[in-house]
Each structure stands twice: as structure tokens, then as C-alpha cells.
Amino acid sequence: MAAPDSRLPNIALAGPTAAGKTAAALALAAALGRRQAVEIISVDSALVYRGMDIGSAKPTPAERAAVPHHLIDIRDPLQAYSAAEFVQDARRLIGEIRARGALPLLVGGTMLYFKALFDGLDAMPAADPAVRARLNARAAEQGWPALHTELARVDPVTAARLAPGDSQRIQRALEVWQISGQPLSSFHAIEKGAAGAYGACACALFSLEPQDRAWLHERIARRFDAMLAAGFIAEVQALRARGDLHPDLPAMRCVGYRQVWEALDWQARHAGGPPLHGAPLHARGMDAVRERGVAATRQLAKRQITWLRSMPQRHTTACDQPQAVAQLVQAVLQRLEQHAP
């Protein structure tokens with residue numbers, strides 16, 4: 001194997017859900033491994049959670065054994081994981097992987113994470129009068145302590161330092177969460193960090209994108225069916241059975257998990273109590289899970305593709321073509337040759 005070359009760029013592989021990123025990443029790691037060891041950094045907000053294997057399409061133990069993987073199974077579903085934490089972890093891992101003489105390969109579909117890594121993290125969002133009006137209306141009906149309880153679910157760090165009646169600060173924290181999807185505490189962590197700690201990170205970006213959207217839609221449907229057959233419902237039932245999780249948590253808002261949780265809630269309301277772990281979901285509920293889960297996943301894929309198309313510097317491979325993986329591998333090798341001594 002060639003000696004490590006620090007001039008080689010970090011490689012990023014992005015794409016919509018069900019585009020075949022995991023298989024492509026493993027093939028790419030095998031090809032690159034002939035010249036330099038490769039380690040994969042996951043860029044996926046669902047894969048960070050333990051106990052969420054089926055619905056997140058988590059790489060199998062065999063796949064993770066074939067190539068070192070990072071940022072998988074690093075959080076309990078009760079915990080949040082922000083874009084700021086991802087950037088901090090990814091930058092640290094890139095340095096550690098480089099120090100081992102290996103090449104970082106960042107793979108995933110959480111575009112907020114990629115954006116934060118490539119561009120640096122945005123400043124805290126500005127106030128939104130419409131969001132504030134909705135929060136004020138809820139507070140008038142439920143009281144600020146109720147909204148403080150909600151804040152504790154999505155941003156426990158901020159909630160812990162605020163009194164239940166601190167309406168102004170509770171409103172701002174929930175406003176930031178609703179606008180950005182990130183807890184207020186994550187922005188404070190950025191502001192307190194060392195200069196440049198969360199700046200942009202240079203990567204050569206490659207993407208897998210379908211030429212035919214119907215091809216991806218069909219793959220999404222088939223994969224969701226495979227998840228259901230593999231025990232996805234039981235996986236969510238086991239998470240519910242813990243008793244400390246709820247649907248407002250970031251982990252439980254992941255596509256697929258939200259739809260299964262909602263179906264189980266519906267069955268609990270209409271069938272005399274919550275289903276026990278392993279109990280079958282009624283046919284009506286199963287139909288709803290499939291319909292809503294597939295639709296939500298397709299919407300996610302649409303948003304991912306829209307984000308990718310805003311990145312003109314990417315190298316795109318058509319993932320719905322027969323030789324897609326081989327073409328991707330060749331494109332990455334050519335890019336690395338440009339940096340070879």
C-alpha cells in the first residue's frame with residue numbers, strides 16, 4: 001500500500017435515500033484501499049442512534065467489519081445530536097483518520113450535516129413573527145410551563161437553565177428550534193468554541209442521483225417493504241416499550257419511525273391499549289404505515305436531491321444506470337490522481 005499522502009482530498013459521497021450509497025461506499029473503499037486505507041464517516045442523523053437498525057437501513061455488522069465506520073450507534077434515542085456536534089465530531093475524526101495514514105470517506109444523506117461541514121455553521125436564525133405568534137397563542141392556552149416542558153424534550157440544556165415562567169427566553173429557544181431544527185444550546189456551543197473550530201471543511205463531493213425519479217420511487221417502496229418484513233414494526237414497539245421515549249424526540253421524528261409510531265398510537269387509541277412488544281399491527285395500521293412511510297421517504301429524497309442540485313461543484317453519477325458504481329469509483333480515482341505526487 002502506498003504511503004499516506006496528506007494532499008489527497010477528503011472524499012464525500014452524498015445522495016438521496018435508497019440511492020445505493022452504502023454499497024457504493026463499500027465498493028469505493030475496496031478500490032481505494034489498494035492504494036491507501038479508507039475509513040468511513042457516517043453523515044446520517046438516524047444512524048447515530050442505538051437500537052434503530054432496521055428503519056435506518058444501518059450498515060450490517062459484516063459491512064462495518066469490512067471497513068471501519070464512525071458516527072454510528074453513538075447516541076441513545078433519548079439524546080439529541082445536533083449539526084454542531086456532527087461538525088465537531090467529523091472534524092476530529094478526519095484528523096484522527098489522517099493521522100493513521102488513512103483516507104476519510106464521508107457517506108450519507110443528511111444534507112444539513114454536509115452543509116454545516118462544507119460551509120461552516122450558520123449564525124443563529126433571526127426572529128420570525130409568525131412563529132412567535134403561534135407560540136404566544138399556545139402559551140395563552142396551555143401556559144408557559146407547558147411550553148417549558150416541551151423545550152425540555154427538544155433542548156434539555158437550555159430548558160435546565162430557564163425557569164418555567166421565563167416566557168421571553170422559552171419563546172426564543174422554541175423559535176430557534178422550530179426555524180432551524182437545532183437546539184439553541186448548539187448555537188451557544190458554537191459561539192463559545194475556539195476561532196475556526198467550526199469553519200468550512202474542504203471535501204471533494206461526489207453524488208449518486210437518479211436520472212429517472214420513478215426508479216428511485218420504486219426502490220424506496222421496495223426497501224420499505226423489506227424493512228417491514230425484517231421486523232421494523234417490532235423495532236419501534238421495542239423502543240416504545242422502554243417508556244422513556246416520545247414522538248417529539250429527534251430520533252423518533254426520523255422518517256419511517258414517525259409513521260410507525262403514529263400507527264401504533266392510533267391502534268392504542270382504537271384497540272383498547274398499546275400493543276405489546278411483538279404484537280402484530282392491525283391490517284389497517286400496516287397499510288397506513290406503508291403508505292405514509294413510503295410517501296414521507298419519497299418527500300425526503302426530493303429534498304435531498306434539491307439540496308444536491310444547489311451544489312454545482314459536485315461530480316454526479318447516475319445511480320439508476322447499470323454501471324453506476326464502477327463509474328463512481330473511476331471518477332473518484334481520477335480525482336485522486338490529480339493530487340498524486
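Glycine residues also receive a Cβ, built from the backbone N, Cα and C atoms like all the rest.
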Looking at the candidate ranges 19-24, 37-42, 175-180, 253-258, report the one that Swiss-Prot labels region 'Interaction with substrate tRNA'.
253-258
If Swiss-Prot is the reference, give me the range from 142-149, 182-189, 302-309 marked as region 'Interaction with substrate tRNA'.
302-309
Among 73-77, 128-132, 168-172, 208-212, Swiss-Prot marks as region 'Interaction with substrate tRNA' the stretch 168-172
When you scan the chain for residues with a C-beta under 8 Å from the region 'Interaction with substrate tRNA' (44-47), skipping those not six or more beyond its ends, what do you find?
55-56, 58-59, 71-73, 81, 86, 108-110, 112-113, 250-251, 254-255, 257
Can you tell me how many other Cβ atoms are located within 10 Å of the Cβ belonging to THR110 (site 'Interaction with substrate tRNA')?
19
Long-range neighbours of the region 'Interaction with substrate tRNA' (168-172), counting only residues six or more past its ends (CB under 8 A)
127, 132, 135-136, 139, 144, 147-148, 151, 158, 162, 184
Counting distance between Cα atoms, which of the binding-site residues THR17, ALA19, THR22 is nearest ARG132 (site 'Interaction with substrate tRNA')?
THR17
